[in-house]
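For reference, the structure discussed in these notes is given below.
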Amino acid sequence: MHDRLAGPALPEMTWPLIPTTTLLPPLTAPPAASRVSLAAFLPSPPSAFAAASVRPGPVAYPKIRLSGALRARLAMSSASSAEGEAVGEFTEVVIVRHGETSWNASRIIQGHLDAELNDIGRQQAVAVAHRLSKEVKAAAIYSSDLKRAAETAETIARVCNLPNVVFDPALRERHIGDLQGMKLEVAATERPEAYKAFMSHKRNQQIPGDGESLDQLSERCVSCLYDIVEKHKGERIIVVSHGGTIRELYRHASPMKPIRGKIHNTSVSVILVSGTTGRCIVKMVGDISHLQETGVLENAFGGDKTSA
């Protein structure tokens with residue numbers, strides 16, 4: 001449904017990646033967060049360590065709908081001029097997938113179940129945190145409230161000296177219904193109806209056991225994205241989420257170019273979102289340059305069609 005609302009996608013932009021050469025703690029604090037310009041995204045000085053934020057208790061999972069104002073804004077975006085968008089304020093949204101969990105490594109479907117990071121996942125979280133500490137400082141960091149995303153986000157906040165993480169259940173992974181907690185290879189025989197629904201290409205197909213359809217997942221996470229952008233017009237923010245959710249955010253931003261391949265653990269994607277028109281520009285997708293020299297680039301389960 002978002003494909004039709006968002007209007008024609010602007011051409012995908014290619015930007016230089018910022019190499020990470022060390023995982024040593026940075027020595028100096030960056031300047032305060034500033035407005036983001038489309039003309040240049042220059043790296044800031046590294047940041048110092050700060051105390052981690054405290055994660056609140058469980059939050060009830062909400063039923064989220066796109067507001068009439070958001071629908072109108074997205075419909076309007078197709079009529080906006082490129083010139084008007086260029087001078088408008090874009091929010092730079094840096095989207096990070098959580099680090100690896102033992103369930104990822106064991107090919108267990110997680111969904112809304114609360115698996116923690118394993119040792120590799122914690123190393124990945126440190127690696128992506130140091131990468132981000134060398135870039136323009138973010139104004140805020142948001143995260144799914146599930147443990148694997150929350151711990152990744154808290155590591156980033158600590159290393160990058162950011163304010164406390166804001167946890168939002170709308171950024172959770174897709175609810176996989178009866179398949180949650182099962183290994184994918186046995187799901188087909190033990191829960192055939194749920195497995196068939198999970199693997200279906202029909203976007204309105206819900207999964208037995210209170211599972212979500214892809215359309216429902218898209219609606220809640222895209223609605224959350226625009227709520228965040230509304231609060232941070234022209235700023236840079238970080239969002240920590242899950243493979244399935246990230247794929248839906250990318251699909252909304254670039255409906256004509258679906259993701260091919262995997263969204264790896266702690267990969268970095270960047271989308272520019274206009275707070276005025278709602279239009280999105282993809283800057284980067286699934287970058288893992290910060291993991292290449294660390295020895296923690298693993299082929300864990302998830303991050304593709306079976307991401308959960």
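The backbone N, Cα and C atoms fix where each Cβ goes, glycine too.
Any TrEMBL annotation is an automated prediction that lacks curation.
Feature annotations, courtesy of TrEMBL:
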ACT_SITE  H98  active site, tele-phosphohistidine intermediate
ACT_SITE  E173  active site, proton donor/acceptor
BINDING   R97, H98, G99, E100, T101, S102, W103, N104, R148  substrate binding site
Cα-to-Cα gap, E173 (active site, proton donor/acceptor) vs R97 (substrate binding site), nearest whole Å: 10
Cβ packing number for the residue listed as 'active site, tele-phosphohistidine intermediate', 10 Å threshold: 32
Integer Cα-Cα distance in angstrom, R148 (substrate binding site) to H98 (active site, tele-phosphohistidine intermediate): 6
Recorded substrate site residues R97, H98, G99, E100, T101, S102, W103, N104, R148, farthest C-alpha pair in Å: 15
Which same-chain residues, if any, lie at least 6 apart from G99 (substrate binding site) yet have Cβ under 8 Å of it: L117, I120, G121, R122, Q123, Q124, A125, V128, R148, E151, T152, N265, T266
Count of other CB atoms lying within 10 Å of the CB belonging to R97 (substrate binding site): 31
Neighbouring C-beta atoms (10 Å sphere around the C-beta of T101 (substrate binding site)): 25
Other CB atoms within 10 A, centred on E173 (active site, proton donor/acceptor): 28
